[in-house]
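S.K.: Here it is, the structure in full.
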Amino acid sequence: MKETIAYLGMGMWGFSLANLLANNGHRVVGWARNPALIEQLSVQRRHPAAPHISIPQNLSFTSHMEEALDGATMIVEGVTSAGMRPVLTQLKALTELRVPLVITSKGIEQNTGLLLSEIALEIFGRPAAQHLGYLSGPSIASEVLRGCPCSVVISAYNPDTLKQIHRAFLTPTFRVYPNSDLKGVALGGALKNVIAIACGISDGFRFGDNAKSGLVTRGLHEIRKFATIMGCRPDTLNGLAGLGDLCTTSFSAFSRNTLFGKLLAEGLTPEQAKTKIGMVVEGVYTALSAHQIATHHRIDMPITTSVYRVLYENLDIQEGIAQLLQRDTKEEYL
């Protein structure tokens, strides 16, 4: 069964998945607030961040959300974590949620500490959980656009919703694995960005592969510990939504979070690094939320804490590294 899909958010990530869904035979209407971007996509049939990609005819665009929703059998969101609440609030004013809503963004809301799925439930109400889905995993947008093999996970509370979303996204090269632990899937995608910043700092100081692999492994331990205390399944974080996504984000040359960390090591301030990258670096905001939650629940997360202190307490990076290296080495999995 082919879907009519409203895709909310036409940044590089949103465009890559909208393009994938259209190439999979679905009718897709992409929405963005920016009329100039919509005009360029509609007239030139090229995305400014990926001008080499031809846009299929069954992918159209609008800056009017009600037009995107017309006849939609599925809604997919691909906006930043900061944009999630205003976009879903606008969506709520236009429709009651009676079709699957697939969240593909990764992050934790500032101030509230809510996962993006929890924002959706707060806005639409608990009964909307039956329509909610979450897609996450190692998926660099530029590689998805090129049709490179990719494996992700999809989670949903309702088995029928899970099947519908799974069918819509699955292609010969975009492998979609079901996972019933929606909160674990969401947390893995959010927290890995903080560890990736630490890996970028390691790259900037040229500490080498041994140090980076240590950060990834110990970082995964922090993520798994955090998620388990939050009620998630530990094995979820050992899979694509945790380890897989963490590896891709930490080692990819296309990772904003890793590049951000590298720029910090080269002497740029956080604001200067964000300006140079020119796009949202989700790990900056997740570091604050994760630190606040970890402090409240007394979860020991030394790498996350160090990144937070560098970003928000002006901790000298060299001092932060020294503090990590001077920690006691206790039993590995404690």
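In case you wondered, yes, glycine gets a Cβ from its N, Cα and C as well.
Pasting the relevant annotations from Swiss-Prot:
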BINDING   TRP13, ARG33, LYS106, ALA141, ARG256, VAL280, GLU282  NADPH binding site
BINDING   LYS106, GLY137, SER139, LYS192, ASP245, SER255, ARG256, ASN257  sn-glycerol 3-phosphate binding site
ACT_SITE  LYS192  active site, proton acceptor
S.K.: For SER139 (sn-glycerol 3-phosphate binding site), identify the closest of the binding-site residues TRP13, ARG33, LYS106, ARG256, GLU282, judging by Cα separation.
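M.R.: Looking at Cα distances from SER139 (sn-glycerol 3-phosphate binding site), the smallest one goes to TRP13.
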S.K.: For sn-glycerol 3-phosphate, with binders LYS106, GLY137, SER139, LYS192, ASP245, SER255, ARG256, ASN257, what's the maximum Cα separation in whole Å?
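M.R.: Output for sn-glycerol 3-phosphate binders LYS106, GLY137, SER139, LYS192, ASP245, SER255, ARG256, ASN257: max Cα distance 16 Å.
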S.K.: Out of SER139, SER255, ASN257, which has the highest number of nearby Cβ atoms, where nearby means within 10 Å of its Cβ, if these are the binding-site residues?
M.R.: ASN257
S.K.: Among the binding-site residues listed here (LYS192, ASP245, SER255, ASN257), which has the Cα closest to the Cα of ALA141 (NADPH binding site)?
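M.R.: The smallest Cα gap between ALA141 (NADPH binding site) and any of the binding-site residues is with SER255.
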S.K.: Are any of GLY137, ASP245, SER255, ASN257 (the binding-site residues) within 10 Å of GLU282 (NADPH binding site) when you go C-alpha to C-alpha, and if so which?
M.R.: ASN257
S.K.: Check the Cα distances from LYS192 (sn-glycerol 3-phosphate binding site) to each of the binding-site residues ARG33, ARG256, VAL280 and keep only the ones within 10 Å.
M.R.: none
S.K.: Could you measure between ASN257 (sn-glycerol 3-phosphate binding site) and VAL280 (NADPH binding site) for me? Cα positions, answer in whole angstrom.
M.R.: 9
S.K.: Using a Cβ-Cβ cut-off under 8 angstroms and a sequence gap of six or more, which residues of the chain neighbour ARG33 (NADPH binding site)?
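M.R.: In sequence order, SER63 meet the Cβ cut-off.
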S.K.: So how many other Cβ atoms are close to GLU282 (NADPH binding site), meaning within 10 Å of its Cβ?
M.R.: 26
S.K.: So among TRP13, LYS106, ARG256, VAL280, all listed as binding-site residues, which is physically nearest to ASP245 (sn-glycerol 3-phosphate binding site)? Use the C-alpha atoms.
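M.R.: Checking each of TRP13, LYS106, ARG256, VAL280 against ASP245 (sn-glycerol 3-phosphate binding site), the shortest Cα distance is to LYS106.
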S.K.: Checking the spread of the NADPH site as listed (TRP13, ARG33, LYS106, ALA141, ARG256, VAL280, GLU282): what is the longest Cα-Cα distance, in whole Å?
M.R.: 23
S.K.: Round to a whole number and give the Cα-to-Cα distance in Å for the pair TRP13 (NADPH binding site) and GLY137 (sn-glycerol 3-phosphate binding site).
M.R.: 13
S.K.: Do you know offhand how many angstrom separate ARG256 (NADPH binding site) and GLY137 (sn-glycerol 3-phosphate binding site) by C-alpha?
M.R.: 16
S.K.: Once the chains shown are all counted, how many other Cβ atoms turn up within 10 Å of the Cβ of ASP245 (sn-glycerol 3-phosphate binding site)?
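M.R.: Neighbour count, Cβ to Cβ under the 10 Å cut-off: 28.
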S.K.: Which whole-number value in Å describes the distance between the Cα atoms of VAL280 (NADPH binding site) and SER255 (sn-glycerol 3-phosphate binding site)?
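M.R.: With the alpha carbons as reference points, the distance is 11 Å.
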